[in-house]
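Novice: Just passing along the structure, written as structure tokens.
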């Protein structure tokens, strides 16, 4: 598996960050000829499929498959075809929105994800992963792939929904929310926690299997009905509120189990990370706790209605999950494995700027939501403030990205030796 896969994946994050900055500039001074909604579609698709899907593709291949299986040409074909589909979406969505070419490229990517799930599962079975050293973490990965496939039912439903004249109504938006829910609460969340447990297994950090299994089962079975939380904006029957509330409570309990399991192991875990990747890991954990708490709060009718009326909360929540929880963990994981590094001052300045922009923009988004809720109106110079603090994210991730290009030529099975990586903890 060549390291350029990871470099291309990280480049997608750079593109996503600059598209996000352009979206925020559109509220300061709209640009003629650029459709905000179309650009937003391009931004979101490249974020989910170009950055997060690709990053997990690389991480899962490396972590779970033996080297000879990783080197199969089929995975190279899958990776580069998926990058072609992402490039197609990057061009077609900003130009035409949901239309023939953009739908074709997004549909192609879904089919490629099915192909990946099938081949990965087949090779994992041949490698006997379900009964090997990584048997527990592999349970989480299997669940992640299941939710990835399940989430695709949302996009497939869009065609019939649009063809029958339901564009813009509750059915249309609920299909989108179905996709998003099982992407970030299913595919991404289970894959990230799976990789975390993979590290525990890798370094023989003993953990309570009974608690871990209870965590996994509770997370899995609560993820399915938790979709109810995404449809509360339609003000459905009271039973839907109860179902969503029970699922959200289940995830709170699951989080408690995870923290109970990990807290005694914190020193053994953190010792495997350098200072910078350790900070990213801890921030990812904070974002996960905030995600679960906010998700539980959204089960209450008043909060659900507030989130629907104040879109700042929704935007802030999505960025908290996708950037704060998932992306920071993946960057931490890649640095821990020695594939990315903080060897240069530029890379350390870059990630510092990125984090400053992320935390600052999240604070402004949620603060503006609180202002609207309190009837205080718009924060003075809100849009220009949000744009200015957001500049730090694309600039920061670009500064982090540039030094990575001259790194290793291939991904190794073990982290780079301490002598070759500054700040690396053995």
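Every residue gets a Cβ built from N, Cα and C, even glycine.
As listed in TrEMBL for this protein:
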TRANSMEM  7-27  transmembrane segment
TRANSMEM  47-65  transmembrane segment
TRANSMEM  74-93  transmembrane segment
TRANSMEM  99-118  transmembrane segment
TRANSMEM  139-158  transmembrane segment
TRANSMEM  178-200  transmembrane segment
TRANSMEM  212-233  transmembrane segment
TRANSMEM  239-263  transmembrane segment
TRANSMEM  275-294  transmembrane segment
TRANSMEM  314-335  transmembrane segment
TRANSMEM  347-373  transmembrane segment
TRANSMEM  379-402  transmembrane segment
Novice: Which listed range (178-200, 239-263, 275-294) shows the maximal number of Cβ pairs under 8 Å with respect to the transmembrane segment (212-233)?
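Specialist: The stretch I would name here is 239-263.
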Novice: At a C-beta cut-off of under 8 Å, are there same-chain residues at least 6 beyond the transmembrane segment (47-65) that contact it? List them, or none.
Specialist: 1, 5-6, 8-10, 12-13, 15-16, 75, 78-79, 82-83, 85-86, 89-90, 106, 109, 113, 116, 120, 123-124, 127, 129, 134, 138, 141, 144, 183, 187-188, 191, 195, 198, 322, 326-327, 330, 333-334, 337, 411, 413
Novice: Spell out yes or no: are there three or more C-beta pairs under 8 angstroms between the transmembrane segment (7-27) and the transmembrane segment (275-294), with each pair 6 or more apart in sequence?
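Specialist: No, these stretches are not in contact.
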Novice: With pairs restricted to those 6 or more apart in sequence, evaluate whether the transmembrane segment (314-335) and the transmembrane segment (178-200) have 3+ C-beta pairs under 8 Å.
Specialist: yes
